[in-house]
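Novice: Dumping the structure here so I can ask a few things about it.
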């Protein structure tokens, strides 16, 4: 009986693999560039590279602060970003009336946003702290750990069902990162501390995992609730948490800052880049998915290197161009095939939104109140709307 069962499992597995191969071969034979290189893909790619440019801006301003003015206050820099988010988006929530007002959000989901704010703050802090213990090369390589964690969380929480082409595309992107790291080694840029490599590498992996959790929660919130709610609540709790952590960890560094207009300008530039990154990233995630956005953000280190050639006199290598092209090819391949969800082959009642509503509340009226008033009004006039379509789930800070 065990032998028969094993043979049955092997045959079903082989049949599944053959179906996947035949599907890929059929897609290659019927490949139409116009169906792949769409305006949607171009818009997602352009916006993703814009986000990578903003990350590059935060890296350059931080490096200028550290190298030219000996300022190393990551929590103060994060605090300024969260404060801007609070002033803008939390204020917008305070002006809301009806079911989605600020007090009702706090009453229903305050502890979830508290945990999410903690995750976001610590993700930013741990990756900065890792530079004190390990090398830049290790950080660039291990930071890619965010991609497989994101895919796993998306499969579990968002019910995304990735195909073989998506895994191949991710591998292509990681090959591009490998080319970039190889160029760094050839150029002698394997800088950083080696005081405790094990601790430093562990901090990078922890940061990547926290970023993945934050991004998946962000994707779920902006596609089921609202972008303003996510940014307003993360800004509020991020401000509180970063203030406490800043007072504890940077009470000596902040008074030692030699303030000048250059230092103030660099702080302002960093805060504005981070604020723009947080403000626009939910828009790009809603267009695609968190996984696709993070694949696009792999070029941020390359943009930093290109700027460093002019600003910090880095050595240029042709592998940087190769790396950029390979990463972009992987990104296009990932978005060439839509990512289906578990709800695609099931009834509408098993969609992620319905699943969440059933899990969040036994009372359908209470669960319905989780949706903003305007969104429910649209549904009442246009009929049921599935939260995750097969084309939506195609996409740190």
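Yeah, the Cβs are placed from backbone N, Cα and C, and that goes for glycine too.
Please treat TrEMBL annotations as automatic predictions, because they have not gone through curation.
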Novice: For which of the residue intervals 99-118, 119-138, 139-158 does TrEMBL record transmembrane segment?
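Specialist: Checking TrEMBL against the ranges 99-118, 119-138, 139-158, the transmembrane segment one is 139-158.
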Novice: Any idea which of 9-29, 261-281 is down as transmembrane segment in TrEMBL?
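Specialist: It is 261-281 that TrEMBL describes as transmembrane segment.
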Novice: Mind checking which residues of the chain, 6+ beyond the ends of the transmembrane segment (261-281), have their Cβ under 8 Å from one of its Cβ atoms?
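Specialist: 47, 50-51, 54-55, 57-58, 61-62, 64-65, 68-69, 71, 76-78, 80-81, 84-85, 88, 218, 231, 234-235, 293, 397.
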Novice: Counting only pairs at least 6 apart in sequence, do the transmembrane segment (139-158) and the transmembrane segment (228-249) share 3+ Cβ pairs under 8 Å?
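Specialist: Counting Cβ pairs under 8 Å, fewer than 3, so no.
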